[in-house]
Amino acid sequence: MSGIGPDQALSIAAIATAVAPGQGGIAVIRLSGPSAVRAVAAITVIPGQQVWESHRVLYGHVVAAGGVERLDEVLVLVMLAPRSFTGEDVVEIHCHGGVIAVQQVLARVLEQPGVRRALPGEFSQRAVLNGRLDLTRAEAIGDLVGARSQRAAQLAMAGLDGGIQKKMVVLRERLLDQLSELEARVDFEEDLPPLNGEALLQELQAVRLELLTLVADGERGSVVRHGLRVALVGRPNVGKSSLLNLLSRRERAIVTDLPGTTRDLLESEIVLDGVPITLLDTAGIRATSNAVEKLGIARSRDALASADLVLLLFDLAQGWSDDDQALFALIPEGVPCLRVGNKADLPLKAEPVAETVAASVADVRLSAVTGDGEQALVQAVLERCGALGEQPLLLALNQRQSDLAVTAAEALARSEQVAADGLPWDFWTIDLRQAIRSLGEITGEQLTESVLDRIFSRFCIGK
């Protein structure tokens with residue numbers, strides 16, 4: 001896909017680095033478009049005989065209107081079309097970090113004719129429109145920026161390196177080969193040897209199965225990319241806060257022997273085997289007249305409803321109680337739950353019957369104090385949430401890509417049914433064309449600008 005949209009006659013500008021008040025040694029202001037070089041040249045004083053050539057770094061100052069007052073000392077990096085990220089003239093102004101100087105420089109840039117503030121993701125969108133990136137690579141940039149774990153970053157890099165695009169091109173070409181065979185038979189059947197319908201059908205089935213495998217991997221990748229919300233639930237003083245501290249490796253919760261110490265919803269961000277996890281340590285749910293504790297319990301119920309997984313802790317030493325069963329009944333239908341028997345290091349105090357019930361109920365046994373059973377819990381969490389698989393996860397489609405892959409697979413299934421029904425060749429081609437179109441949409445070969453606008457609106461400004 002390439003071409004210039006009506007708004008690409010204007011240059012765009014934005015701060016391309018995250019700037020926090022008083023922080024950051026260097027900030028980068030990026031411009032792209034036909035006016036980029038002229039706009040920066042108009043607001044800078046570049047001493048000596050420095051030449052505005054592509055892929056050169058110039059030293060100078062950004063000056064206020066009037067050309068006298070210096071606003072900042074800067075480096076200017078020039079990248080002329082087509083050898084730039086967007087395929088247009090790109091200029092970066094590297095100025096001092098912070099807030100005031102950066103905003104002053106950006107304001108001067110935006111004062112120049114033909115320059116406007118960039119929309120979220122617009123630099124990447126122009127790269128796609130100008131044929132510098134396919135859509136899967138552009139989306140991978142957003143995934144890399146937002147990666148919350150090393151594993152998520154690795155999956156993003158696989159997409160940025162073209163893994164998804166190359167896979168889709170190969171699958172699409174295989175379908176195009178079959179379509180050309182079918183269409184040739186429709187138009188020139190009497191001049192060609194008989195078509196091997198069985199071989200063609202096997203090829204369609206093979207592509208469909210590959211697409212479904214990619215969709216399944218995409219579901220695993222979604223867990224890695226977006227993470228999980230895991231709620232820790234249990235009676236007061238069963239060890240929820242101790243487990244939170246064990247998994248997060250720091251004292252996030254107040255741990256005492258006083259039941260009901262946690263009265264608020266505590267959150268801890270951790271990474272388990274490459275999967276970002278938000279642990280929600282809830283207040284113990286019980287009947288109470290304390291107004292503060294009631295608020296914490298209400299938040300606990302909300303956490304149950306929003307969680308991807310619930311860890312229901314109970315005291316192995318005390319056994320599975322009626323209160324534990326009542327808590328189990330509060331977990332919303334459809335929310336996965338692991339019943340975790342804690343305090344496995346303590347001597348049993350329960351009656352033999354309660355002890356037997358506890359042993360049979362527990363999905364995982366551990367001691368949050370000693371750490372015994374921690375790895376078994378981690379594996380159980382990842383398995384229950386679909387983050388584990390038989391094969392290593394090398395590529396992961398995002399939701400948009402997965403939806404289109406499903407559409408393509410469904411179209412191929414219909415094509416296979418048409419073949420099974422013995423209908424003529426031209427009926428085979430209808431759904432086959434739909435599958436080919438869907439794969440083209442994944443890489444951006446067949447997309448409207450309105451769809452691109454929606455995709456890139458999720459990006460941060462400056463990317």
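Glycine is no exception: its Cβ is also placed from the backbone N, Cα and C atoms.
Note that this is a predicted model, so its numbers are computed, not measured.
Swiss-Prot lists Arg30, Glu92, Arg132, Lys463 with the feature (6S)-5-formyl-5,6,7,8-tetrahydrofolate binding site. The feature domain 'TrmE-type G' is assigned by Swiss-Prot to 227-386. Feature annotation from Swiss-Prot assigns GTP binding site to 237-242, 256-262, 281-284, 342-345; the stated evidence is sequence analysis. According to Swiss-Prot, the K(+) binding site annotation covers Asn237, Thr256, Leu258, Thr261. The Mg(2+) binding site feature in Swiss-Prot is assigned to Ser241, Thr262; the stated evidence is sequence analysis.
This view paints the features noted in Swiss-Prot onto the structure.
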residue : record                                              : DSSP class
Arg30   : (6S)-5-formyl-5,6,7,8-tetrahydrofolate binding site : strand
Glu92   : (6S)-5-formyl-5,6,7,8-tetrahydrofolate binding site : strand
Arg132  : (6S)-5-formyl-5,6,7,8-tetrahydrofolate binding site : coil
Asn237  : GTP binding site                                    : coil
Lys343  : GTP binding site                                    : coil
Lys463  : (6S)-5-formyl-5,6,7,8-tetrahydrofolate binding site : coil
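With respect to Cβ neighbours within 10 Å, the binding-site residues Arg30, Arg132 differ, and Arg132 shows the lowest count. Residues Arg30, Glu92, Arg132, Lys463 are recorded as binding (6S)-5-formyl-5,6,7,8-tetrahydrofolate; their most distant pair of Cα atoms lies 18 Å apart. Along the domain 'TrmE-type G' (227-386), the predicted structure has mean pLDDT 75. If you draw a 10 Å sphere around the CB of Lys463 ((6S)-5-formyl-5,6,7,8-tetrahydrofolate binding site), it holds 22 other CB atoms from the protein chains shown. Within 10 Å of the C-beta atom of Glu92 ((6S)-5-formyl-5,6,7,8-tetrahydrofolate binding site) sit 21 other C-beta atoms, taking all shown protein chains into account. For Ser241 (Mg(2+) binding site), the nearest of the binding-site residues by C-alpha distance turns out to be Lys343; the candidates were Arg132, Lys343, Lys463.
Per Cα geometry, Lys463 is the residue among the binding-site residues Arg30, Glu92, Arg132, Lys463 nearest to Lys240 (GTP binding site). Counting other CB atoms no more than 10 Å from each candidate's CB, the binding-site residues Lys240, Lys343 peak at Lys240. When each of the binding-site residues Asn237, Ser241 is scored by how many other Cβ atoms sit within 10 Å of its Cβ, Asn237 comes out lowest. Comparing Arg132 ((6S)-5-formyl-5,6,7,8-tetrahydrofolate binding site) with Lys343 (GTP binding site), their Cα atoms are 57 Å apart once rounded. Ranking the binding-site residues Arg30, Glu92, Lys463 by Cα distance from Asn237 (GTP binding site) puts Lys463 first. Among the binding-site residues listed (Arg30, Glu92, Lys463), Lys463 has its Cα nearest to the Cα of Lys343 (GTP binding site).
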